[in-house]
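Student: According to TrEMBL:
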REGION    1-28  region 'Disordered'
COMPBIAS  8-18  compositional bias 'Acidic residues'
DOMAIN    18-107  domain 'RH1'
COILED    73-129  coiled coil
DOMAIN    101-172  domain 'RH2'
REGION    139-160  region 'Disordered'
COMPBIAS  144-153  compositional bias 'Basic and acidic residues'
Amino acid sequence: MEEPPLREEEEEEGDEAGPEGALGKSPFQLTAEDVYDISYVMGRELMALGSDPRVTQLQFKIVRVLEMLETLVNEGSLTMEELRMERDNLRKEVEGLRRESLAAGREELRDVLQERNKLKSQLLVVQEELQCYKSGLIPAREGPGGRREKDALVTRASNASSNKEETIIRKLFSFRSGKQT
């Protein structure tokens, strides 16, 4: 008559298989509760065998084995929890490194794009100058050492004088608009 109330308690716990269900689990999935369920099932079976002295000796051995199993399960649970925490920490660390590398990559890309835009604008200026030389708007004069003035201006501009670059650009734009300075 005691079994029906036990079944109601088992249903409340949500364990469909009852205490016997723990015996069907994988050893790696056992919890301390499962060990208690196994202990309950084995105790019930031993009680059914009777009070023979050999059964009593066997009962003490089974209790010892169940205690060892409980200890192993608890240690395994702690180890699993430690591993989960370590995994979570490593995931956070990897995510942080990804963010840092993306930020560094973006910064590097920004620098490369700025450099590209600067070089592109310099190329456009030089191409405009070349067009002016080719069309005859700016006479090609020989500078000292037999080099053309254009080469000398480009060399001087690259050495440090942005004012001269602006002067050349003004000349170019003044020729285009029809005004002469």
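Cβ coordinates are placed from backbone N, Cα and C, and glycine is handled just like the others.
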Student: DSSP says what for the domain 'RH1' (18-107): how many helix, strand, coil residues?
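Tutor: Per-class counts: 82 helix, 0 strand, 8 coil.
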Student: Can you give me the average pLDDT across the domain 'RH2' (101-172), rounded to a whole number?
Tutor: 73
